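Annotated features in Swiss-Prot:
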| type | residues | note |
| --- | --- | --- |
| BINDING | 63, 92 | heme b binding site |
| DOMAIN | 2-146 | domain 'Globin' |
| MOD_RES | 1 | N-acetylvaline |
| MOD_RES | 12 | phosphothreonine |
| MOD_RES | 59 | N6-acetyllysine |
| MOD_RES | 82 | N6-acetyllysine |
| MOD_RES | 93 | S-nitrosocysteine |
| MOD_RES | 144 | N6-acetyllysine |
């Protein structure tokens, strides 16, 4: 991912304020609501029958936190996203058979959730930087598929 020094410092400063549990759960929940076909990977999470059920589901929240913690690790290794996500790419490709397009969708949902939580602080410049990173992470997670 090619970022300017200003973009990197902006990403880091905002990320330090992110509540990984809250934003991770909301991002994954929104993915499952807006793109319901993604629920097939999470049938073992229990009730996903309504938007309210998804957003309140503790397993969705917990897994969202795990996903966002991994994303945070990626932010520490922007120069080696493929290496950072190699094991997760293999897991999602070989064992879970997740459509790699879902990584892009989740990245876009994450940007929306960050914008919702941070309002005016989430400037167009920060959005640009986060869009670059989520695209890079999605590409790294899809790497094993190629």
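Note that Cβ sites are derived from N, Cα and C of the backbone, with glycine treated the same way.
Remember, predicted model here, so these are calculated numbers, not experimental data.
Looking only at the recorded positions 12, 63, 82, 93, the one with its C-alpha closest to the residue listed as 'N-acetylvaline' is 82. If you draw a 10 Å sphere around the CB of residue 63 (heme b binding site), it holds 18 other CB atoms from the protein chains shown. You'll find the Cα of residue 12 (phosphothreonine) roughly 20 Å from the Cα of residue 82 (N6-acetyllysine).
The Cβ of residue 82 (N6-acetyllysine) has 15 other Cβ atoms within 10 Å, all protein chains considered.
Cβ neighbour count for residue 93 (S-nitrosocysteine): 17 (other Cβ atoms within 10 Å of its Cβ, all protein chains included). If you measure from the Cα atom of residue 82 (N6-acetyllysine) to that of the residue listed as 'S-nitrosocysteine', you get 14 Å.
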